[in-house]
Amino acid sequence: MTRSQRPSNGAAALPPDSLAFAFSRAATLVESVIGGANLTDAFEAMLLAHPQWPDATRGAVRDLAWGTLRDYGRGDALLHQLLHKPLPEAIHALLLVAMYRLDSRPEQAHTAVNQAVEVAAALLPALKGVVNGVLRNRLRNAAALDAEIAGDEAARYRHPAWWVERLRTSFPDAWEAALAAGNQRPPMGLRVNRLRASLESVAGELDQAGLAFRSLVNEALVLERPVAVAGLPGFAEGRVSVQDAGAQWAARWLDLAAGQRVLDACAAPGGKSAHILETAAVNLLALELDATRTRRIEENFRRLGVSAQVRTADCRKRAAWWDGEPFDRILADVPCSASGVARRHPDIKWLRRPEDIARFAAQQAEILDALWPTLAAGGKLLYVTCSLFDEENGMQIERFCSCHPDALRLPIDGQVECQLLPNADHDGFYYALVGKHR
Ligand SMILES: C[S@@+](CC[C@H](N)C(=O)[O-])C[C@H]1O[C@@H](n2cnc3c(N)ncnc32)[C@H](O)[C@@H]1O
């Protein structure tokens, strides 16, 4: 980068309530993710450094960064057509954000171009003409450019080509709908804490607050429009929690009864553990590898008025946490590719590599094999991922059952297994239930 191409700190001088300011901050996040950073961590660090930002600024930066990264496959392909030589990373990221805005708010196209040029003027004045030219070119030649990238799968489906191929193979009738749903903003699911409220009373509170919702068969509620948690009636008092509707099957399918010994082996932030405790008076041990995340389980339990033994431990190292008493139920909600929740974490789509999936699968196999001896004869283990990839799901459980002759596949809702694909109601999850022979 030459001296005139080095970003100045001029973006700090942009008015904080302007679209230009939101563009510049969203572009910083996008640039970090392209460089390999985790989007949520980068955003949290940004907010920590700028506690004075009003909610509207935080929201605008978040919407632009998340939206740009959901659409990154398309933006990247378009820039490939529009640029003749590489630009500094900050300007490249700014163009991606501005192009996302052009697509999502076409009625404000000219404002978007002007605001992006202002950011460039503040960052790298020598390149403001380039930013202006690229964006105007995009607007002028929209149809031709769209035709040019029509054959590019990552652009068309806004997911990496290898990801598209895996879904096409696994779900010949549903892959396109799953990818399309994966590009939408995620729904906001709610769980009612039956120890403190009824479905009817929470429905009444939501009505009173003017929050429209729908109820699903598993008694999860889905808001028609997501709101900030602070604006959710009953949240602070522990009557209601935010939990995706797809995650609310775990407590049901575990077939819980009072007095059972239950293990949640990978528990943080504690959503499914809390649901278990709200469902039946069981004796629960919640394990979590990461001590910071263990604290989130404890905070959630306090808010909801439930209690259990919570420990920071690696569930694969049994000697460190198991007292030798078998469990009647085990929930193994294992770490995974998170490909079923990529619309909540769009950086995942672009940071994961195909070879990462085998690494997750190996880790999941280790966890399953380590937990199996702790399950009582006649007990049940529910295996859960938020993945759409067979290696982490059906293939994993088939491998497990073929290695453990005392393992027996049990039906879930009359099916061998349950693969939920992302849709308007819930994220993507996989469930399999395994029993142990008596
Ligand atoms: C999918 S998340 C669990 C979500 C949680 N069950 C819920 O519903 O709120 C997986 C969790 O497992 C933890 N984890 C990963 N490896 C682990 C291990 N070997 N032992 C215990 N926890 C582990 C991760 O830190 C992460 O918090």
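Using N, Cα and C of the backbone, Cβ positions are placed for all residues, glycine too.
Source: prediction; values computed, not measured.
Annotation comment: TrEMBL describes Cys386 as active site, nucleophile. If you take the C-beta of Cys386 (active site, nucleophile) and look for same-chain residues 6 or more apart in sequence within under 8 angstroms, you find Gly246, Ala247, Cys336, Ala338, Ser339, Gly340, Val341, Asp427, Gly428, Phe429, Tyr430.
Positions annotated as S-adenosyl-L-methionine binding site by TrEMBL: Cys266, Ala267, Ala268, Pro269, Gly270, Gly271, Lys272, Glu288, Asp314, Asp333. Taking the Cβ of Gly270 (S-adenosyl-L-methionine binding site) as centre and 10 Å as the limit, one finds 26 other Cβ atoms among all the protein chains shown.
As annotated by TrEMBL, domain 'SAM-dependent MTase RsmB/NOP-type' applies to 178-437.
In this record, S-adenosyl-L-methionine is bound by Cys266, Ala267, Ala268, Pro269, Gly270, Gly271, Lys272, Glu288, Asp314, Asp333; the longest C-alpha to C-alpha distance in that set is 19 Å. Mapped onto three states, the DSSP output places Cys386 (active site, nucleophile) in coil. Within the same chain, residues at least 6 positions away in sequence whose Cβ sits under 8 Å from that of Ala268 (S-adenosyl-L-methionine binding site) are Glu288, Asp290, Arg293, Thr294, Arg296, Ile297.
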